[in-house]
């Protein structure tokens, strides 16, 4: 095992050394020369010409480009890229996942790869997990890009279409992962070129995904869906929510314990599934007065009852979702603890939860467009990722995305001390110990950050801390509006912060607090200008440096007063003094209140302490009542506590326990990886179909009139061939052909052929019959062109193709949803569900294409042009 670990370490070290030799050293050698260049934008434009006109590759110009970008950072925003940041920039350019510790400056690192790849003129995207980080990143780095002559934009949810178009037309665009994915889907539903948000050419060229593990692994199972209301009654969910209260939860069958399951249903917490027993089926059939719950006409009932039980037993308020002020069920992201407005559980589960909570049930939605992040980001010509924790998931990044992970060295040595876990028998014993440790730390003035896995836990601990007289702040899905402000000050002395799943929070915790953040907020609140306005930015930086010029720079801001400047200077002085005090006390102390299913989430929490060489420490408190331990850990550890006669207040601190926890986490990670891989296998079937439809649709939307006309004629010819294959197959004698059926099908679609002599097709070979019929239909198309004029016909064809494709694709997605939901039952019939799914999905797609061609033919020949508008 150690050999394998050493090999991994050696490979990483070898790659780092190679980048130092080929990138870092040459860039450093150019630094003095680059500092003499007056016009950095002109020099960068010259590199752009070399790439776009001179045939040089991005690798050819990487060294001079990085030198210019570093100098632009130094001049414009006062930040010079460290050598380790150059390593990170090179890794991102290579399309790798760069693992960088918290506080190592990922935002600045990204400017290297983004600016370099922008030289191609095809657009680059910096993808973040929320709007706040996208806006801050764009505004913080905007001046650097503009110094190089590059344009930078922000694409956000509330923008008008023309604003989005301008943002995506920039060299570099900052955008959230969800908005980017939805823009892609919306563009593939657009009815005109003018309605496109993203670039018409090269919309997905290069992207850097921040918090890449959160987006591409944690959110991989959640597809992006654009939906419309489907006409379906929802009141039955209330009926079934009441009905299942009359059912009894039982225990599953277990070898050596019970041969048969008990009760009316059993639950599988690990797989988040429920199983209705034979007794339960009989009871439900009796309550509903139906003979067979699983007969075809009752499948909807069986599905809704199953979802009602899942909603009752497996999805819990304040942990999996919250109810907002408007009575809406809002999902909580299990990995980040963030609320996700607009997201809904699929397959009727969301409606079942709404019925359980007795709030208004929203109409079931019909999918209009959908894609998973797994398949979306693989559409890019090249993409890279940044995160503080990726190495543990390298196998998944390699298997699914073809991206390896490079661990970037830290600029300063990490001083954080990570203690062994303390394991308690019960949750209450654990919480009491946490409160005691917080009290001890708080008494010294040392800041403490407590990480919890749910809102329920954060509120329980908050109550306990309040009872102990310890002032604190709470950060969870209910208080996201104050998120950045709370996190920014979590490093001040005496501060105690409870945070639900710190993963992806995106704001650095600075020891002593973040004076720049507070000052920026004050400027926006009291002076009414953005903290990123040049005059405000210069003032904030001068205050941060305790520069005597701060007073002069401050007075250039409209509305500024001497009193405000004095308060800002005092704030900075207090922050500097507090930072020194906190460092002396040992830095930020992290307390984890339970181990997460993923080691990455635990590592992200630990990583909040010890940034940029600061001191810090961490410890996790675990109990055998925690979900991870209860479901996955080894029973031997519990037995050992029993033998030792340990009470609730006595912890174990042993490597055996830590090992058991890590094995449990590894098992869960493997299971989740298998689930995501299986999801990808199923989604790949849909992905190929989506790629085909979207590519054809894009050709219709953006192609010249002659191409649209050619596509239309091709579809009409295919329709004719299809009818011939059905009614007059070439391997049959013409005497056996169903000429009446052929005539009915063709004339229904092409009424202009009503006078055509179909019976005469029997005289001659099948090929001659095909030629005659295709020629007659082509003549009808020419007549249609003469009737409407070429311009009008092409407008009609474009409109018809888009409308028909969209309608059939929507219906196909619904059919695929139904197929996917029911395919698991095939396993009971000894058939492989995936093979069955792939076979049936392909047949459904081919049938859709045939129906699509049929409808296009009918609309082209029957529709009046005036009806299109």
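Glycine residues also receive a Cβ, built from the backbone N, Cα and C atoms like all the rest.
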Given Swiss-Prot lists 103, 104, 105, 106, 107, 508 for ATP, the same-site residue among 85, 94, 525: 85
Local Cβ density at residue 105 (ATP binding site) - other Cβ atoms counted within 10 Å: 18
Under 8 Å by Cβ from residue 508 (ATP binding site), counting only residues of that chain that are 6 or more apart: 102, 103, 488, 514, 611
ATP site span - longest C-alpha distance across 85, 103, 104, 105, 106, 107, 508, in Å: 17
List of residues, in chain order, with Cβ under 8 A from that of residue 104 (ATP binding site) and at least 6 apart: 84, 85, 88, 408, 410, 411, 611, 612
Protein Cβ atoms within 10 Å of residue 103 (ATP binding site), excluding its own: 21
All-chain count of other Cβ atoms within 10 Å of residue 106 (ATP binding site): 23
C-beta crowding around residue 85 (ATP binding site), within 10 angstroms: 27
